[in-house]
Ligand SMILES: Nc1nc2c(ncn2[C@@H]2O[C@H](COP(=O)(O)OP(=O)(O)OP(=O)(O)O)[C@@H](O)[C@H]2O)c(=O)[nH]1
Ligand SMILES: [K+]
Ligand SMILES: [Mg+2]
């Protein structure tokens, strides 16, 4: 039997309204203890006085709402207290709840975990709840909502069903086999397994867009010292995030800002200027980090100082590849900027703001290309990727198995790997890891 848990479900701090959520068998009696009145009808908001059950002290005039099991988010009896969002109101109610028997403060993610354990959500849907709460851009919200609606879970469950039928087929073959039957997987099942292995491979081969969309596209600004990288970062972020100075070698650490580019999440990084002769070991380390970040970035912005044209910094030129946007900066000072059309440079001035819109549009284009989600749901977590890779490997082994018994075992393993993604098979060991990422009250 579950204990009854409670927590502030809204962000801590002063607010217009704060919601305290209670879930478990004692939720109703906790509400009665606070109001001193009979329980209101389920799903009906009622305005009522809340009092400390020990002292009778008035705590708030609150809107209260209850849901009865199993028709609630967690599948248990649930009470929501919509309080005035003052610190003393919230702490008074939380302290009053702590004195009631059978109640305790919820752990991070415990409400959602209970929803999973009570069969209200599969694991991919539970993960999507966390993603929706964390969503900062439109594209992230769309992906989270789709997954929360069960799109990903249905895809994996559908695959699992096909495997279950294939397995039944193989097992029937084993049971009814004549002695002289050829070994391995029967011809009827072979295309089913091969087809599924192919679909999983295609699903895995999505360039990681679902995972990237959750985390943001990593864009690194690179270039020679004083090219104006930090100035450009500040202009794009519309705030003074990085120090700008006329001294070459100003930036050492990586400075990150989070941007919303046309609905796509981007992590834009400013880096140390690249040069051979670093002034000291700190700058040297900065340059090492810059190169490392450039190598790991999804997209690079290579910044050149337009006033030195036609000379272009060779170290920066070296980094240009198909994932690079080339920028000529300081065009407010330069006259000849029509050089090197082969690089398709975007002409900007971080100082005047000229060309920044074109640069933003170009980066939005890159983001859309790498993050846009198609009609099929994309996998969103390394956990899913690992399980799907394992599933596919088992299927390929099944196709090569010399005996139907061995093929059956591989198909069983494949099905188990899929079941662990949605939580259809035993996943007790995973739950702590998955729900650890949630905060208290979710
Ligand atoms: N006129 C003009 N000056 C610029 C422009 N962008 C940057 N600057 C100046 O160029 C100098 C260097 O700018 P930073 O943004 O610090 O250059 P950086 O590439 O980050 O330099 P490091 O961090 O040292 O590698 C500063 O004096 C800026 O004010 C621009 O578009 N026009
Ligand atoms: K500088
Ligand atoms: Mg800088």
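Glycine too: its Cβ is placed from the backbone N, Cα and C atoms.
Annotated (6S)-5-formyl-5,6,7,8-tetrahydrofolate binding site per TrEMBL: 21, 80, 120, 442, in sequence order. Residues or ranges marked as GTP binding site by TrEMBL: 226-231, 245-251, 270-273, 349-351. Marked as Mg(2+) binding site by TrEMBL: 230, 251. Among the features that TrEMBL reports, domain 'TrmE-type G' is placed at 216-368.
Taking the features listed in TrEMBL, we show where each one sits on the structure.
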{"residue": "21", "record": "(6S)-5-formyl-5,6,7,8-tetrahydrofolate binding site", "DSSP (3 states)": "strand"}
{"residue": "80", "record": "(6S)-5-formyl-5,6,7,8-tetrahydrofolate binding site", "DSSP (3 states)": "strand"}
{"residue": "120", "record": "(6S)-5-formyl-5,6,7,8-tetrahydrofolate binding site", "DSSP (3 states)": "coil"}
{"residue": "229", "record": "GTP binding site", "DSSP (3 states)": "helix"}
{"residue": "245", "record": "GTP binding site", "DSSP (3 states)": "coil"}
{"residue": "251", "record": "GTP binding site", "DSSP (3 states)": "coil"}
{"residue": "350", "record": "GTP binding site", "DSSP (3 states)": "coil"}
{"residue": "442", "record": "(6S)-5-formyl-5,6,7,8-tetrahydrofolate binding site", "DSSP (3 states)": "coil"}
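In the shown protein chains, 21 other C-beta atoms lie within 10 A of the C-beta of residue 226 (GTP binding site). Summarising the environment of residue 80 ((6S)-5-formyl-5,6,7,8-tetrahydrofolate binding site), the number of other Cβ atoms within 10 Å of its Cβ, over all protein chains shown, is 22.
Between the binding-site residues 230, 245, 251, 230 has the most other Cβ atoms inside 10 Å of its own Cβ, all protein chains included. Counting every protein chain shown, the number of other Cβ atoms lying within 10 Å of the Cβ of residue 21 ((6S)-5-formyl-5,6,7,8-tetrahydrofolate binding site) is 22. Listed in sequence order, 9, 108, 109, 111, 112, 129, 130, 133 are the same-chain residues at least 6 apart in sequence whose CB falls under 8 Å from the CB of residue 442 ((6S)-5-formyl-5,6,7,8-tetrahydrofolate binding site). You'll find the Cα of residue 350 (GTP binding site) roughly 51 Å from the Cα of residue 120 ((6S)-5-formyl-5,6,7,8-tetrahydrofolate binding site). Less than 8 angstroms from the CB of residue 248 (GTP binding site) sit 225, 226, 273, 275, each of them six or more residues away in the same chain. The binding-site residues near ligand 1, defined by a Cβ under 6 Å from one of its atoms, are 229, 230, 248, 251, chosen from 80, 229, 230, 248, 251.
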